[in-house]
Amino acid sequence: MTDLTATPAPAEPAASAYDPTAKQKAQAKTARIPIKIVPIEKLKKPEWIRVKAATSSSRFNEIKTILREHNLHTVCEEASCPNIGECFGKGTATFMIMGDKCTRRCPFCDVGHGRPDPLDADEPKNLARTIAALKLKYVVITSVDRDDLRDGGAGHFVECIREVREQSPATRIEILTPDFRGRLDRALAILNAAPPDVMNHNLETVPRLYKEARPGSDYAHSLKLLKDFKALHPDVATKSGLMVGLGETTDEILQVMRDLRAHDVDMLTIGQYLQPSEHHLPVREYVHPDTFKMYEEEAYKMGFTHAAVGAMVRSSYHADLQAHGAGVV
């Protein structure tokens, strides 16, 4: 007699439990943001989008080796910056402190999300030793968002600035900070102890796109951070950066530029957004070089002391030359 009893199907493998301490990239990171990413037909890159590779005679491998030896991260690597070959090749890097896991999930950014590790007490000294070993005259120090810290990480920035100045007194320091949302007054009071040579905080995009591109951030708050810092340190240059190609209009970018000047921001960067992966926000437009040129001309008319504007410009790209152009170094 035939046995008609159904054979049980193999058990489905249990879904892996969500691990908040793991570094999430691409889909794992963006899947949990409130506004879902809707894919669109991928635009063909125009001929003016060109990345410079490191040359065989460059310092690319030397820089990577030194960074690993000192257990340091760079935003160049973590955010998949297209200029990494050129910058590492010239012996420059933007150091990313406080770990490689961000508490935010911005869907334009390739830095990983997750519950951050405790701060590394040795990081300020390791950073300073690395900068001294590389003989860098201008450095940019940035960080992941650390919403888990009472001061947003401001105290760690100060420790890093102090250590770098101790070991490399002639080196100029630019910091590119998170927004310190919910702890701004505390963070600014702490930064008073060791202000940088340039204070940079990026608005990133126009206010209409904040909910989509910068969940957890606030346009007015970011402007207030820049203005309040400048009020405390009128002799320190302030700086901010924007991406284009996310669906903003020309008029919206010009209005953001006016807002920045109204909040006493001195320096400006504008560059083309490039999608890190198919799970990030799509590129909706490749902005023409003529439009970048117009933004640059308008920036100087508005009174910015320096404007770095172009498709491949990033906030820290040639930051030393930007600072020199603004009279900082």
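All positions are counted from 1 along the displayed chain.
A Cβ is built for glycine as well, from the same backbone N, Cα and C atoms used for every other residue.
Over in Swiss-Prot, the protein carries these features:
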BINDING   Cys76, Cys81, Cys87, Ser316  [4Fe-4S] cluster 1 binding site
BINDING   Cys102, Cys106, Cys109  [4Fe-4S] cluster 2 binding site
DOMAIN    87-305  domain 'Radical SAM core'
REGION    1-23  region 'Disordered'
Protein Cβ atoms within 10 Å of Cys106 ([4Fe-4S] cluster 2 binding site), excluding its own: 23
Cβ neighbour count within 10 Å of Cys109 ([4Fe-4S] cluster 2 binding site): 23
Around the Cβ of Ser316 ([4Fe-4S] cluster 1 binding site), the count of other Cβ atoms that are within 10 Å: 27
Spatial separation of Ser316 ([4Fe-4S] cluster 1 binding site) from Cys109 ([4Fe-4S] cluster 2 binding site) - C-alpha basis, Å: 15
Rounded Cα-Cα span from Ser316 ([4Fe-4S] cluster 1 binding site) to Cys106 ([4Fe-4S] cluster 2 binding site), Å: 19
Beyond the site residues Cys102, Cys106, Cys109: chain residues whose C-beta lies within 8 Å of the centroid, for [4Fe-4S] cluster 2: Arg104, Arg105, Pro107, Phe108, Asp110, Val111, His113, Val144, Asp145
Cα distance (Å, whole number) from Cys102 ([4Fe-4S] cluster 2 binding site) to Ser316 ([4Fe-4S] cluster 1 binding site): 19
Sequence-distant neighbours of Cys102 ([4Fe-4S] cluster 2 binding site) in its chain (C-beta under 8 A, six or more apart): Cys109, Val111, Gly112, His113, Gly114, Pro116, Val144, Asp145
